[in-house]
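Data first, discussion second: the structure below is written as structure tokens.
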């Protein structure tokens, strides 16, 4: 009797284990699944699909209407190495989204609605090799240290976005980077961009569609290709002085000259006073000696 009673909890545990196992390996609705791959392309999904097998290595969510990636559900997919989210509605809520996805190698976020990339966006993706963020017209900012933890990054595409500026160190400090897409962006080629254009001329990184990596502003540089614009920027930023600069330099020179003149005049007065004081002291000593004698 005790044996039969004790076997009931064991049966329940086995039953729920089978249920969990079946859920673990079930294929999401409207998606196709094969060994270690889940493909949900073009299914008009509004939300991240549920019941994705936990051992999935490749997840394709392309061409849907997904606006949010749930960090909790993604964290369960610890073995995921390939994630394709192109052509969705993902916006600026990606910070801390990819926690627990240290094995991810390939990430495609192109054709979405990204607005910025911060350090917290991809900091957990320490194995990332390919990152595609092209065709995000609202992407206007990438923080200086956005890829500080993505040292294995080899392919980065930010073409056809709204980027105006990119810190040189953001890409220069990626030791394995070999491909960098920058075309068709409204680059602001001001003096702050000189360092970036200089780096472009020296690096061995491949820039695809280089003919369309051009300046948008200022008006005088619009349409000029990078990094050829470096020469013009050097002329404008390092050697060319405006009227205000000449006035400023003249004022500085006048101040320095005036300060030197005043300092010399004061030093002369001090020397004269000192000489007078010394001479007066000697005269007093001579008078005292004559009085004593």
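These residue numbers are counts, starting from 1, taken along the chain as shown.
Positions of Cβ are set from backbone N, Cα and C atoms, glycine also.
Bear in mind that TrEMBL entries carry predicted annotations, made automatically and left uncurated.
Listed ranges 217-245, 246-274; the one TrEMBL annotates as transmembrane segment is 246-274. Mean per-residue pLDDT, taken over the domain 'LRRCT' (185-238), amounts to 90.
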